[in-house]
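Residues or ranges marked as ATP binding site by Swiss-Prot: B:T81, B:P82, B:L83, B:G84, B:E85, B:G86, B:K87, B:S88.
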There are 2 protein chains.
Amino acid sequence: MGGSSKTVRKLEVATPVPADIDIANAVEPLHIADIAADLNLSPRHYDLYGKYKAKVLLSVLDEVQETQDGYYVVVGGITPTPLGEGKSTTTVGLCQALGAFLDKKVVTCLRQPSQGPTFGIKGGAAGGGYSQVIPMDEFNLHLTGDIHAITASNNLLAAAIDTRMFHESTQSDKALFNRLCPPNKEGKRTFCNIMHRRLKKLGIDKTNPDDLTPEEVTKFARLDIDPDSITWRRVMDVNDRFLRKISVGQGPDEKGMVRETGFDISVASEIMAVLALTTSLADMRERLGKMVIGNSKAGEPITADDLGLGGALTVLMKDAINPTLMQTLEGTPVLVHAGPFANIAHGNSSIVADKIALKLVGPGGFVVTEAGFGSDIGTEKFMNIKCRYSGLTPQCAIVVATVRALKMHGGGPQVVAGKPLDRAYLTENVGLVEAGCVNLARHIINTKAYGSNVVVAINMFSSDTEAELNAVKKAAMDAGAFDAVICTHHAHGGKGAVDLGIAVQKACENVTQPLRFLYPLDISIKEKIEAIAKSYGAAGVEYSEQAEKKIEMYSKQGFSNLPICMAKTQYSFSHNAAEKGAPSGFILPIRDVRGSIGAGFIYPLVGTMSTMPGLPTRPCFFDIDLDTTTGKVIGLS
Amino acid sequence: MGGSSKTVRKLEVATPVPADIDIANAVEPLHIADIAADLNLSPRHYDLYGKYKAKVLLSVLDEVQETQDGYYVVVGGITPTPLGEGKSTTTVGLCQALGAFLDKKVVTCLRQPSQGPTFGIKGGAAGGGYSQVIPMDEFNLHLTGDIHAITASNNLLAAAIDTRMFHESTQSDKALFNRLCPPNKEGKRTFCNIMHRRLKKLGIDKTNPDDLTPEEVTKFARLDIDPDSITWRRVMDVNDRFLRKISVGQGPDEKGMVRETGFDISVASEIMAVLALTTSLADMRERLGKMVIGNSKAGEPITADDLGLGGALTVLMKDAINPTLMQTLEGTPVLVHAGPFANIAHGNSSIVADKIALKLVGPGGFVVTEAGFGSDIGTEKFMNIKCRYSGLTPQCAIVVATVRALKMHGGGPQVVAGKPLDRAYLTENVGLVEAGCVNLARHIINTKAYGSNVVVAINMFSSDTEAELNAVKKAAMDAGAFDAVICTHHAHGGKGAVDLGIAVQKACENVTQPLRFLYPLDISIKEKIEAIAKSYGAAGVEYSEQAEKKIEMYSKQGFSNLPICMAKTQYSFSHNAAEKGAPSGFILPIRDVRGSIGAGFIYPLVGTMSTMPGLPTRPCFFDIDLDTTTGKVIGLS
């Protein structure tokens, strides 16, 4: 494979760089079938969703098994400001460089954005400037419905939990059993397929419902969920802070079964994590069924399959498992899959998207996949969770850095989204930059420890000076980077990331180390948490009483061999967002520990993490409208 | 146009009729592009969503303006049992007959099913037996995401309401204004587009924010929403009874601003009603912006545009406005659009789908559109609301009847979903049928009053006897039906509805009356409610204190000229589901009155209507699974 794409588009760039939506709207995207054809995908390998999106079917993997994988590149970053340091933009720009200028087969793997931030503060996530995924409105809105499918399935499970408790509270064991296994016209009862899973779990080796003893009837029919143990929350892909903590069941028909619970943003759903980490339809079916929603009063974990739902959830998710093919401004292919919010969730693009992409580009080609936030969060989870489940090894890890963020780490004033930047960020201050490079250095060292070659991509802003940029380069090389490259892909598209592309290619071709995880799976939950904490610079870990109890519980339930997914602020190596640079010696507090058993990880909550963002006084939505004459979206950023 | 479809498929029918999903899975659907081509749609007129679904773009209407409309047929029914009387099945069967056996151009217009019932008690809504829309799993699940778009936009508006109240409670007028109209880098403020709508509403004729007086700043920036007046609720397309009544805002960050509210099923959202009743993108933009969410403390209605959201909601709904093209088992085209739940909502397929369909079939062709439940609900709303807004006139109205339901109306035992039918329904009892025909007669008389010719479709079951069927036929003709025809489309597909097709054609060709509405718009809200109540057989209407207050309020706010959308049980002409047959002389209680001002109607709540269904002890989802080898859905009913 490799080389000579037919879809590459020449960009005409303007100065100053116009608004993202204007750049995106000015380019007529290619029909996605052309992008697919360029990847040797035949129409039976994908389903079109309009003219510019297509779902690539998982079945394509069966046909390309013999093909060797391409190079695997992960993009992480330094500890960001609330404005973001252009990680998605760099990911897209690099791929435009590789595909449109360096004649490589390349696929960009990105996460589907949440509509919460799109209408809230942050805006969309399609990249920016001349490095974008297009059509950017379709990328940011609905896409092909994966997040909606997650919302629907997550909430069906939530409804089933409360309703099951309700029905159990009003019915005898026998009545429950009669309803679960009703006699047919001939008076014969049967277990439906999913019920055999519960019977097996309970150790009941019978296939005829009439053979069950009264004790077995009780064990089978009564889940006896402990309401206080329920960890499953409802979700919504909207920034709705008033749903963070709610009471449900206050209607008269629910007979006083009021319960405190709340909503998370949809992308924080365990089902999103399942989607990101699954490897096949059969594997997804098992993971969805294994999801634990809480315990019985006797302390046994209750799963989606116990509730009868593993199959139905899989049906709701059957199309979502297929990644969505789109294109960059320069006509290179993009696979969009799974979701963001790496601070509270797993936050990587999916394993299946990466696997398909690696086969499609083939040997000598490149797959560039994004991991959320700084390397403490995104890259760490990419390596220790995602690569552990996928069996894939990246050859190169990119750390995206900006002069702006390094100045902040060096002691610059606070950066607040929606407020004008302080002058310190717009005028030369090499001292601030140099001081901030301790943050960059730690990200490089931590990332290098996994065995990948680290390339630093310095995402250049027009206010950056040569001296500042050189300071970053020097610090990067001193910390052990394979290379450090200045990029101007925001202003120039792929052309601005050609040097980065060359550096990444060299890094991939010169790997000397195997993949090394930060911790093995067979140590205790606490030992794993402590290994990660140490990489943050912590001197120790402090567990709340609640966290201690939960660790004990998960260990007793047999889940201690899972990897760890820390839920931690992205704004500091530590738990305190205000601690910039490279803090050390602090004690990392673990407030609570939860399990995403189906997805396959334990997630400690470091301090208080909001799992549902809010809207500001003037959200982005004020500017968003439709030109009803042209049908074009306006005001989307 | 007319005649000679190339896509017609010959069905091989089996006896006894296999399960719906097995029939559906046994047929290989045609590529939807072939169905589209048969309607003279070129690829620029539609967007593919996979191989078997396509969104037909509204823009097609611009090109077919000159074409004359085909015949317009609405399908209603008698008062149903909880099992349904096969209205969707009859709609599909009739179209299969017209298209595959009578050589007519035909389009079926159906509503997208809610996923609530699909996973709850009722199962899917793709028709049944040999009269189905296929692929039935795609029809029942997600479709092309319209309901998800409604959920997303409905809940963005809900989040904006609570958050705005929150921000107003913590900020001064000036601070609010500063945040809404922040100065740019040069210190200049501007109003964004949507703000001009609010300024206009307030009578402030200024374009420069700096020119506003302090009083005008207050009026502009402070919506001052009265929390007790909020009628906007959140929605979810899941049967989640525990969300019927909830308290939100219990988190510490929400500072004690706890409020009681609840969730409705998504299809009950006003945005669904907007989708059903809108006629263009520009019209949808206006309707979405005009939606009233509650009042200010001064009693002024507060709209989505006041909150800055009319544009963003339109953007979220921009693809949903395009109906989805699918096919029947016999290869005739189907347009799926808008949603069900006519008891609590408008519950008709969309105006745009019908309009497009009428042009696509052209003169001599047929568009068959379904209206929810009995004629008291579905057909009444179809005529008085939908046809009033669309300007379209049906030539024929079908009333679907079953021997089973007529026996119930004649005094037969209760029919309960999920429980075996009483013997009375499976053995001949002409007396019960005859007694029940009072229900059928009233539906015929009421429907005929609109000026359409009424054809009764007797949806035959294998247990029905000739004497029973003849009794229904006779009663129908006595009540003034144009014709009454026995159909076996469930068992035989279109072939079983050929006689119905011929009767419908004759009815369409022999219209003598114009469309007459049940009430004019320019009478009072109460007079309109009373006109509808009279058609139910009520002797009078009784208003709760709350209803009186709301009628006064809506009248004062200038909304008394809107049509009325009754929220009433579908199981009786009256408000009492237990009153079968043709009750009369009762007093109809109006518990509350609400407004869907954007959609364009006032909706009185007759008695207590649940706007959020619940799940039973053993929901349908127990049987639903995915065959992970073939990727096929199993157990969906």
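In case you wondered, yes, glycine gets a Cβ from its N, Cα and C as well.
Sorting the binding-site residues B:P82, B:G84 by the number of other Cβ atoms within 10 Å puts B:G84 first.
What surrounds the ATP site, by Cβ distance within 8 Å of the Cβ centroid and not counting B:T81, B:P82, B:L83, B:G84, B:E85, B:G86, B:K87, B:S88, is the set B:G77, B:P80, B:T402, B:A405 from the same chain.
Less than 8 angstroms from the CB of B:L83 (ATP binding site) sit B:R404, B:V415, B:A417, each of them six or more residues away in the same chain. Counting every protein chain shown, the number of other Cβ atoms lying within 10 Å of the Cβ of B:E85 (ATP binding site) is 26. For the binding-site residues listed here (B:T81, B:S88), the lowest count of other CB atoms within 10 A around the CB belongs to B:T81.
In sequence order, B:V75, B:G76, B:G77, B:P80, B:E370, B:F373, B:V400 are the residues near B:K87 (ATP binding site), counting only same-chain partners six or more apart with C-beta under 8 A. The number of other Cβ atoms within 10 Å of the Cβ belonging to B:G86 (ATP binding site), over all protein chains shown, comes to 28.
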